[in-house]
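**Student:** I grabbed these lines from Swiss-Prot:
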| type | residues | note |
| --- | --- | --- |
| DOMAIN | 15-208 | domain 'KARI N-terminal Rossmann' |
| BINDING | CYS45, GLY46, ALA47, GLN48, ARG68, ARG76, SER78, ASP108, LYS109, GLN110, GLY158 | NADP(+) binding site |
| ACT_SITE | HIS132 | active site |
| DOMAIN | 209-344 | domain 'KARI C-terminal knotted 1' |
| BINDING | ASP217, GLU389, GLU393 | Mg(2+) 2 binding site |
| BINDING | ASP217, GLU221 | Mg(2+) 1 binding site |
| DOMAIN | 345-484 | domain 'KARI C-terminal knotted 2' |
| BINDING | SER414 | substrate binding site |
Amino acid sequence: MANYFNTLNLRQQLAQLGKCRFMGRDEFADGASYLQGKKVVIVGCGAQGLNQGLNMRDSGLDISYALRKEAIAEKRASWRKATENGFKVGTYEELIPQADLVVNLTPDKQHSDVVHTVQPLMKDGAALGYSHGFNIVEVGEQIRKDITVVMVAPKCPGTEVREEYKRGFGVPTLIAVHPENDPKGEGMAIAKAWAAATGGHRAGVLESSFVAEVKSDLMGEQTILCGMLQAGSLLCFDRLVEEGTDPAYAEKLIQFGWETITEALKQGGITLMMDRLSNPAKLRAYALSEQLKEIMAPLFQKHMDDIISGEFSSGMMADWANDDKKLLTWREETGKTAFETAPQYEGKIGEQEYFDKGVLMIAMVKAGVELAFETMVDSGIIEESAYYESLHELPLIANTIARKRLYEMNVVISDTAEYGNYLFSYACVPLLKPFMAELQPGDLGKAIPEGAVDNAQLRDVNEAIRSHAIEQVGKKLRGYMTDMKRIAVAG
């Protein structure tokens, strides 16, 4: 099999990278009706598998779970989760032949084995669904021509998909139809019904492509979403301890600082996050972020280049074939870092303290979000897609660190995201060490004193923050989500 993206000519590559259309609410007037009365079989009962299935069942669809014989015989976690929630469970051979839609929600590295097993069992004219297009785009999986291939990709962890649905809302979602597999022209109808069944249509749906979803998703998770948070955590902790800060306090400031800072990001973008600072601190955070962008731009560009070319995927798949040797080594090394093993701080840190003493962390967030967004857009990815894969998902990942530090983040994210995270963070930490050595008092761990500021400089910095393209598209998309939630609640 060959990387699908690399089989396309340049015009086709650019067309698929740039496919992104915000869909209107009226396009989902039929809800999930296209799939009602049809059999939907989900393969895999992890976080996405279980929670999407619960939402789809509550939306009136016929949902069952196909598991491997040994998972059923040994009553593994997937079997327990499905049966405890009242779902029908069976083997591939029992359920797949009757399925109208088979949804593959297993981890990326299992996709090829799963598809090779289920494809011969699928009836003529059935549909195959994914929530991430890696298997189609990067592995280059060939699917029978009578099978329709679609994607519904919620831009949140599975638990959030369920919780937002229960609130009467949903999470922003990308949908796509694989252009090589839409024999009956029904792919978009299937994808729309599936997205509606998960509640995604109530938060906003982007019509995208498998290519755009994969390339932007990989870039976001490797850089700002996971790699930058990991590198930033390790660098900031070590710097604080070197300066004499109590390791327990330093650990808490960082562990919960990311979540507190990015909560402002979620509500009002980079503008609101920066507005939480005093004027002198805002000017300093802006200056630090500009320095960071200059230093890190080549690293972000290298990751994007390796994602576009397929270099990243081929390297990771080689590690799959080598029993995840690199991944497991990096995971073990991360677990032994000083940040991960630091004692817990029992005292309280007030919300504003995280901002006042985390100026560098805010600068890292701003620089990372803007760089990821800019690099994706420069590579042909549309701004809305780049926003969802950078700023939008960052608070969700920061929340995992608040739960159990980097360990929890790396457990929750996919192995694909974890592998990319380590690639980035292992390069970023040494890259930023000279920068860290030049920090000034007040950049981290101590508040910057109030003082006079130059009005013209403050005016220009505020304008630069607010006029960045990610702030413009973010304001539009956040406004749309707020309006949609208001409509959903009123309904």
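Backbone N, Cα and C define each Cβ position, glycine as well.
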**Student:** Using the centroid of the Cβ atoms of ASP217, GLU389, GLU393 as reference, list every other same-chain residue with Cβ within 8 Å of it (recorded Mg(2+) 2 site), in sequence order.
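**Tutor:** Once ASP217, GLU389, GLU393 are set aside, the remaining close residues are LYS155, SER216, MET219, GLY220, GLU221, LEU225, TYR388, SER390, HIS392.
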**Student:** Inside 10 Å of the Cβ of LYS109 (NADP(+) binding site), count up the other Cβ atoms and send me the figure.
**Tutor:** 21
**Student:** Max Cα distance spanning CYS45, GLY46, ALA47, GLN48, ARG68, ARG76, SER78, ASP108, LYS109, GLN110, GLY158 (NADP(+) binders), Å?
**Tutor:** 22
**Student:** Can you tell which of ARG68, HIS132 has the least company, meaning the fewest other C-beta atoms within 10 angstroms of its C-beta, among these recorded positions?
**Tutor:** ARG68
**Student:** State the mean pLDDT for the domain 'KARI N-terminal Rossmann' (15-208).
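**Tutor:** Summarising the domain 'KARI N-terminal Rossmann' (15-208) by its mean pLDDT gives 96.
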**Student:** How big is the Cα-to-Cα gap, in Å, between ASP217 (Mg(2+) 2 binding site) and the residue listed as 'active site'?
**Tutor:** 9
**Student:** Using a 10 Å cut-off on Cβ-Cβ distances across all protein chains shown, tell me which of the binding-site residues (CYS45, ALA47) has the largest neighbour count.
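**Tutor:** That would be CYS45, with the most Cβ atoms nearby.
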**Student:** SER78, SER414: which of these binding-site residues has the highest Cβ count within 10 Å of its own Cβ?
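**Tutor:** Sorting the candidates by Cβ neighbours within 10 Å, the top entry is SER78.
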**Student:** Sort the binding-site residues GLU221, GLU389, GLU393, SER414 by C-alpha distance from ARG68 (NADP(+) binding site) and give me just the closest.
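**Tutor:** It is SER414, whose Cα lies nearest.
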